[in-house]
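Engineer: Annotation comment: Swiss-Prot describes 1-51 as domain 'ClpX-type ZB'. Among the features that Swiss-Prot reports, Zn(2+) binding site is placed at C10, C13, C32, C35, with the record citing sequence analysis. What Swiss-Prot records for 50-60 is compositional bias 'Low complexity'. For P144, T145, G146, S147, G148, K149, T150, L151, the entry in Swiss-Prot reads ATP binding site.
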Amino acid sequence: MSKYDSHLKCSFCGKSQEQVRKLIAGPGVYICDECVELCNEILDEELMEAPTSPVASSVSSREDRPKRRSSRDRLSLGQIPKPREIKKYLDEYVIGQNEAKKVLSVAVYNHYKRLSDIQAKRTGTGATDDPVELQKSNILLMGPTGSGKTLLAQTLAKILDVPFAVADATTLTEAGYVGEDVENILLRLLQVADLDVEEAQRGIIYIDEIDKIARKSENPSITRDVSGEGVQQALLKMLEGTVANVPPQGGRKHPYQDCIQIDTSNILFICGGAFVGLDKIVEQRLGKKSMGFIRPAEGTSKEKWSADLLKQLEPDDLVKFGMIPEFVGRIPVMASLDPLDEDALIAILTQPRNALVKQYQKLLKMDNVQLEFKSEAVRAIAQEAYRRKTGARALRGIVEELMLEVMYELPSRKDVKRCLITREMVEKRSTADLLMHPSSIPTPESA
């Protein structure tokens, strides 16, 4: 070292070169032999505690968990849930949307039958010489925000005996760019299946916000659309059926990484999105066919008119919206969800098994307080949610604002045994009177 090196220190422990045996230089930093030895000891300890590979680690950890019955053990036709049974279960959690429920129920039932047919041919219990192969029919759900698309998918996951994963299309980008590869969608399904590849290959994937990957213009651009058309291109083979290489730890793939191969031929894909503006494209097409403008019937709301237009959707309309023709062709089944009116929002507040009113009643019951909503208060909440135009999502925000002071004060008060929410309290967003005079509240007709 030169004479200028006398003040060099380790960038990690701060010891000078005179205090250590060796000081190793890097680009702008230095590390001493003691820090190198300490790092080696830490790495050795971690390697001794952890299995040798990420996949082995995941496998060993899932062996300690209760095992879920494999779909391979129960795919006889007698055990497959019927479409009516699936829809009945969805009715317990989701209000309305009967057409979408029927589409999903039939699709899931047929998915089970496809798996049963494949299993029968492999085991020799079915007609091995039958040349007919059952092809899957991927599904597209369209509807305004807050209409229940994601909730339908989440509710399906509770009843199904096959792995079910939910993914978000907005996080996906074309390979080689910042963001998630499309293979990460399969990783989620693989994790739900406890890294059982054969079980994951029988699963169902729901891709939310699929309309957000529409290309930015109808005509191809000279600039790359890495989060739009690029993602659609990457999803094509996965939707149709291909053997994909999935990195076990997620993230980007690299040449020196061990990947898990998954065949997507038997994975059912359900895509959902709001598709804002698609109704205008349908309206324009229908207007041209009728040699003029088409108008909604008198008394029809704008939301209901948009939903009626989506029921007349054709594949070309989706292409004009920004979905490439190859992508549209791989999702043959389409269903639109109806917008939620005031009556539907009231039902959502009170009727489902996980209704918001029931949730907050349970929360206050844990503090030994009975919570009651007057029927007019429930209607006022629904009216405010309808005004916000965000569907059922607005309900929780409104009720949370309304209940904030109640939930803040009640745990500290032992004199309150019952709380009543009235329409006036909803409109003024105030619960002060309720908290100050709990004993003077008369017994009302509650919702």
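Just so you know, glycine gets a Cβ as well, placed from its N, Cα and C.
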Engineer: Using Cα coordinates, what distance in whole Å links L151 (ATP binding site) and C35 (Zn(2+) binding site)?
Structural biologist: 52
Engineer: Cα-Cα separation of C13 (Zn(2+) binding site) and T150 (ATP binding site), in Å?
Structural biologist: 52
Engineer: Centre the Cβ atoms of C10, C13, C32, C35, go out 8 Å, and tell me which other residues of that chain have a Cβ in range of the Zn(2+) site.
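Structural biologist: Result: S11, F12, G14, K15, V20, L23, Y30, I31, D33, E34, V36.
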Engineer: DSSP secondary structure for C13 (Zn(2+) binding site), reduced to helix/strand/coil, please.
Structural biologist: coil
Engineer: With an 8 Å cut-off on Cβ distance to the P144, T145, G146, S147, G148, K149, T150, L151 Cβ center, who else from the chain surrounds the ATP site?
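Structural biologist: Once P144, T145, G146, S147, G148, K149, T150, L151 are set aside, the remaining close residues are G143, A274, L337, G391, A392, R393.
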Engineer: Tell me the Cα distance separating C10 (Zn(2+) binding site) from P144 (ATP binding site), rounded to the nearest angstrom.
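Structural biologist: So the Cα of C10 (Zn(2+) binding site) lies 60 Å away from that of P144 (ATP binding site).
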Engineer: Going by a 10 angstroms cut-off between Cβ atoms, which of the binding-site residues P144, G148 has the sparsest surroundings?
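Structural biologist: Per-residue Cβ counts within 10 Å for the binding-site residues P144, G148 bottom out at P144.
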